[in-house]
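Written out below as structure tokens is the structure these notes cover.
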């Protein structure tokens, strides 16, 4: 069972900045592309990469803040998350501070569950959803290679299907730097550039 929530909102959508939601199946390489895009635009103060708060151990490729389930529940109850969800037995949240960045006109990039897309579109004025994907056999090989205990069954993770309704899809097979450049163009412009 997955729980999702968006912070209570007023009738006005949060903007004028952009919220770029990077979604996709386990093993698609979301963190790889996000980290490479972050490096490519490190000198751009208009782009902010959200740091997720999670109740599982972060891998070397992730820039997450690990907390206990009790601490997460306290943060959640205090309203400290802009978006939060539960999936695969863990809780995930994006700090409320990202709202201030978006109000200031910055672009915020976040790796999220596909299940928070609709709540995010209901809360923010400018949301771009980027689906990172790869063929099933590539996903399975990547999940097996990282051997993260929290991944559970590889078959279940690869077979999981949640509609994303993306604005843009990147098939992450081949050169990850080229795909990171594609992602950066979307981050900067809200869509791929010709």
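Each residue, glycine too, has its Cβ placed from N, Cα and C.
Noted in Swiss-Prot for the protein shown:
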type    : residues                       : note
BINDING : 24, 25, 26, 27, 28, 29, 30, 31 : ATP binding site
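Where Swiss-Prot records a feature, it is marked here on the structure.
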residue	record	Cβ within 10 Å
24	ATP binding site	22
25	ATP binding site	22
26	ATP binding site	20
27	ATP binding site	23
28	ATP binding site	23
29	ATP binding site	23
30	ATP binding site	24
31	ATP binding site	18
**Request:** Show, in sequence order, which residues other than 24, 25, 26, 27, 28, 29, 30, 31 on the same chain lie with their Cβ within 8 Å of the centre of the Cβ atoms of the ATP site.
**Result:** 132, 133, 134, 139, 142, 172
**Message:** Helix, strand or coil for residue 30 (ATP binding site)? Use DSSP.
**Reply:** helix
**Complete:** Simplified to three states, DSSP reports residue 25 (ATP binding site) as coil
